[in-house]
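A.B. asks: This is the structure I want to talk about, given as structure tokens.
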Amino acid sequence: MGVCCATAPASDRRSRHPDMQNWNVAVTDFSKTPLLDTIRTPADLRKLRVEQLRQVADELRKETIDAVSVTGGHFGAGLGVVELTTAIHYIFDTPRDRLIWDVGHQAYPHKILTGRRDRIRTLRTGGGLSGFTKRTESDYDPFGAAHSSTSISASLGMAVARDLSGGKNNVIAVIGDGAMSAGMAYEAMNNAGAMNSRLIVILNDNDMSIAPPVGAMSAYLSRLYSGKTYRSLREAAKQLGKHLPKMIADRAERVEEYSRGFMVNSGTLFEELGFYYVGPIDGHNLDHLLPVLKNVRDMENGPILLHVVTQKGKGYGPAEAAADKYHAVVKFDVSTGAQSKSKPNAPAYQNVFGQSLVKEAEKDDKIIAITAAMPSGTGVDIFNKAFPKRTFDVGIAEQHAVTFAAGLATEGFKPFCAIYSTFLQRGYDQIVHDVAIQSLPVRFAIDRAGLVGADGATHAGSFDNAYLGCLPNFVIMAASDEAELVHMVATQVAINDRPSAVRYPRGEGRGVEMPEVGVPLPIGKGRIVRQGSKVALLSLGTRLAECEKAADELAAHGLSTTIADARFMKPLDVDLVLKLARDHDVLITIEEGSIGGFGSHVMQTLAEHGALDSGQVRVRAMVLPDEFLDHDTPNAMYASVGLDDRGIVAKVFEALGKDVTTETVKLA
């Protein structure tokens with residue numbers, strides 16, 4: 001069947017499968033993947049013989065490597081679950097059986113097998129496939145993901161919904177050992193164990209942080225313990241124990257627990273949480289995976305945890321040798337593994353932060369760096385090389401990171417909590433309750449502020465201006481360029497009576513001249529970058545560069561424009577805001593954040609001081625739209641929502657009651 005279909009012309013294959021008419025055959029080399037070519041959905045996979053699955057997995061890995069070499073994206077984790085993905089879709093009846101991938105980094109092979117192979121080379125591009133699972137993209141994605149450790153909670157909800165509805169389908173969560181460092185995963189497991197819900201959790205252990213060595217004995221025991229005979233005998237023993245004196249029954253139960261614990265000691269914690277533990281087994285050995293998954297599928301009672309050991313980057317030499325470098329990649333040469341990284345024109349913001357913190361720490365031994373499993377992404381790895389004893393990676397545990405920092409602050413230390421904006425959301429109660437209410441001087445370095453591009457809505461740093469700006473006694477800054485970031489880090493070091501935050505985007509700076517050392521800024525004071533008379537552009541953050549380009553175009557239209565860098569959202573430079581409103585016909589605020597942020601604070605200030613009463617100044621706030629934006633390049637995303645130079649010019653003309661198109665034609 002596979003050979004026949006693979007050797008037929010592409011047009012013949014499309015005619016046999018009308019639903020494949022839109023496949024982009026031109027960008028996919030099907031000739032190297034004859035069995036995979038026959039699979040449009042998992043239903044096609046399940047028609048194959050068991051002995052064909054090894055070839056399917058090999059071809060699936062080959063296709064994943066080739067696709068990601070074209071698009072870039074998360075890489076190592078997906079290669080590590082190729083066999084597991086193949087086996088799950090072969091054994092379970094997806095999408096009727098719900099399959100939830102935690103985070104979604106490993107979901108590319110899953111997408112290829114579930115009707116999206118034709119678009120796999122559009123991953124993370126505008127209008128293309130998401131880099132994560134997404135409900136609106138496919139019925140095979142029953143739950144969206146991107147942030148860590150949500151899969152077990154979501155799966156338990158689906159399992160309970162199934163039970164309440166009288167359904168019989170399976171619910172499977174696949175979660176990595178790294179995600180198991182988050183408290184939410186254990187909260188969900190504790191709840192699932194107490195409810196005794198029929199739920200399957202597959203622990204994908206790809207860092208060997210949990211598992212002992214695996215092999216034939218482990219595979220045998222996993223088949224034994226997951227088999228119906230053993231489980232029936234175990235259940236019968238439990239029923240018998242109910243009729244025995246309590247002391248004897250308790251001793252018998254302990255003997256059974258000890259015997260299983262002796263043979264499979266890594267399952268003790270999960271058994272205590274109420275899960276029936278199976279494993280560990282080799283996640284790359286289909287002969288081990290398939291029978292155990294079948295046994296697990298057919299279990300009728302209670303939550304089950306299947307422990308599978310895999311290797312990140314499996315099957316691709318460069319990724320196996322350097323898992324950290326191939327966790328996420330840009331486009332690369334498949335034959336060499338060399339990634340197509342262009343030479344930067346300016347330093348990346350996270351590196352500027354890390355280097356600035358090192359310079360400050362050389363003068364102050366109280367400075368501490370904290371990250372939540374993102375040392376290289378935040379620049380904390382730079383600090384760690386210089387001060388390993390003052391660096392703490394707490395794992396995927398943002399709530400703990402914030403309160404841990406608060407504890408350090410109570411003892412006179414100066415903790416810098418470096419966390420992406422989108423992940424800091426997970427520690428919000430701790431920011432309010434443990435930091436802000438107590439006025440503890442925890443310093444937040446908020447990376448990936450604003451739109452981040454290819455990772456889309458789940459990773460956008462859109463809301464921190466709003467969710468931090470409403471907190472009393474909080475200093476909030478935004479760097480307009482990399483030099484400003486250096487000074488803002490120094491400013492945070494000097495703030496010892498309240499919490500502070502500095503936000504900055506992903507990617508490179510502007511290439512401005514860098515200061516040798518950071519100098520603390522006057523708290524709550526902005527700066528005038530360019531003086532004009534007709535229009536005022538008040539920017540918070542890196543949209544300042546777009547304001548400068550917009551001002552040049554406005555000047556060509558005869559509109560003299562002032563550009564101001566707010567620097568501080570809180571405390572706001574009230575004098576500067578009132579002066580800009582008083583001296584100009586139009587005042588525009590620009591920020592890389594949502595409604596409720598900087599622009600709202602400016603409007604509130606103007607209203608409180610009566611600056612809007614006379615109607616002499618026309619004020620507009622330019623913010624991100626009130627919607628979640630799909631992935632694209634950051635520049636394309638900002639342009640699409642009008643937060644670029646053209647959008648700023650258009651907003652000025654709109655405030656003046658003029659048509660920008662007409663005015664541009666006049667100028668030409």
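First residue shown is number 1, and so on along the chain.
Placed from the backbone N, Cα and C atoms, the Cβ positions cover glycine too.
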A.B. asks: Out of N196, N206, N295, N301, which is the one Swiss-Prot records at the thiamine diphosphate site of H105, A146, H147, S148, G178, A179, Y316, E398?
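C.D. replies: Swiss-Prot names N206 for this thiamine diphosphate site.
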A.B. asks: 10 Å Cβ neighbour count around E398 (thiamine diphosphate binding site)?
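C.D. replies: By my count, 27.
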A.B. asks: Within 10 Å of each Cβ, count the other Cβ atoms and name the one among the binding-site residues H105, H147 with the highest count.
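C.D. replies: The largest 10 Å Cβ neighbour count belongs to H105.
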A.B. asks: With thiamine diphosphate as the bound species and H105, A146, H147, S148, G178, A179, N206, Y316, E398 as its recorded binding residues, calculate the greatest Cα-Cα distance and give it in Å as a whole number.
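C.D. replies: Binding-site diameter by Cα atoms for thiamine diphosphate: 33 Å.
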A.B. asks: Using a 10 Å cut-off on Cβ-Cβ distances across all protein chains shown, tell me which of the binding-site residues (D177, G178, N206) has the largest neighbour count.
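C.D. replies: In terms of Cβ crowding, the pick is N206.
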